[in-house]
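J.: I am attaching a structure below and will ask some questions about it afterwards.
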Amino acid sequence: MTRTALTRLTLTDFRSYGRAELPLDGRPVYLIGPNGAGKTNLLEAVSLLTPGRGLRGASLAEMGRRLPGEGQGRAWAVAATLEIDGEPVRLGTGTEVAGAVRRTVRLEGETVPPGRLADHQRQVWLTPAQDRLFLEGAGDRRRFFDRLVFAAEPAHAAHASAYEKSQRERMRLLTDGPADPDWLSALEARLGEAGALMAAARARTLSALQNEIDERGDRPFPQARLSLSGPWEQMAGQGVATEDIEARLVAALASARERDAAAGRMLTGPHRGDLEVIHAEKDRPAAECSTGEQKALILNLVLGQAARLSRAESGPNPILLLDEVAAHLDRRRRAALFDEITALKLQAFLTGTDEHLFEDLKGRAQGVHVDGSSLAYLDTE
Ligand SMILES: Nc1ncnc2c1ncn2[C@@H]1O[C@H](COP(=O)(O)OP(=O)(O)OP(=O)(O)O)[C@@H](O)[C@H]1O
């Protein structure tokens, strides 16, 4: 386990912030301020220190500071110092021109591919956008679960993007008219390889997460029974070798060309997998539970993954981003959440509109008042 903690965060022309600096001591951080004060903006900035589009999935142009009368957002930057086993490393990301469609990532001043951020950063997050996770389509649940997989296995993102690229190309060939069968076979071979690796990684995370949740049995969050509904993930979960899943997926795709062409989409493969969550004590699907219970179930998954990663033998310990979570929990669950965060020594970033929500965390965390564009420490000792 590599101990990592952000010790300084600097935002430049990012969302509502002109220039803001936040020195950190590695303990959890709670951000308080009224609606619209810029709390989520700050969490989003932290989330951009990992590869991907951050916790809002926003475009780069949207994130640049836009003042009244300015047509487009400015070029923006998020810089951080990350201590890795006590050694400071400088990380930075942002755009170099206003409205840019590409972002740059710097590690110790050198430009590197965004994927390199995953060498030093693991993050797990929960935001209000996930409140309806159990009620809406499979796509959001798949993305939510894939993020948990990605936090454990950064290569998952590369497999998923290789898969999506080949999927789009295969559909284009199938729908654009007579397709070159050799080219189709080559794409299906790539889909088989990336798809089998994705299914295997999802099955590994599912089983490790289920064990973690089972062991955490006495915590005041509802117990969950997890499963993945896709046949490819199920095969992986039953111990079918990855090469065999790959061969079966390639064969299934080859025999489904006409059907997929007629449907205009690929009808089988891990892009269709879904995460199913059952409230174990009630033996009821999450979608049929109360709003508060659903929130506590998702939190149990997110915390379970953070706990598992924080005890892993290798890799950086995770940073946890919890946007507007505290306000949705009763006091007992809130206290349990804070105890867990401090016991695991997680650098968590939590937001809320009222200071009293974090009463039980005082003395164990840094409190920050967020006010539109400035940040001020609260006296929390
Ligand atoms: N590109 C931008 N340029 C300038 N301001 C922006 C930009 N994007 C968002 N904002 C502003 O940031 C504010 C929203 O901040 P944020 O979502 O962080 O609030 P919050 O403190 O999390 O609020 P809540 O408690 O309501 O969730 C809004 O006032 C919005 O206008």
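We number each residue from 1, going along the chain as drawn.
Note that Cβ sites are derived from N, Cα and C of the backbone, with glycine treated the same way.
Those TrEMBL annotations? Automatic predictions, nothing curated.
Below are the features listed in TrEMBL for this protein:
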type: BINDING; residues: G33, P34, N35, G36, A37, G38, K39, T40; note: ATP binding site
type: DOMAIN; residues: 25-375; note: domain 'AAA+ ATPase'
J.: Compute the mean position of the Cβ atoms of G33, P34, N35, G36, A37, G38, K39, T40, which form the recorded ATP site, and then list in sequence order the other residues of that chain whose Cβ is within 8 Å of it.
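T.: Near the ATP site, beyond G33, P34, N35, G36, A37, G38, K39, T40, sit N41, T351, T353, V370, G372.
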J.: Which is it, of N35, T40: the one of these binding-site residues whose Cβ has the most other Cβ atoms within 10 Å?
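T.: That would be T40, with the highest Cβ count within 10 Å.
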J.: Since the record lists G33, G36, A37, G38, K39 as binding-site residues, which of them has the fewest other Cβ atoms within 10 Å of its Cβ?
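T.: It is G36 that, of the binding-site residues G33, G36, A37, G38, K39, has the fewest other Cβ atoms within 10 Å.
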J.: Reduce the DSSP letter at T40 (ATP binding site) to three states and note it down.
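T.: Looking at the DSSP assignment, T40 (ATP binding site) belongs to a helix.
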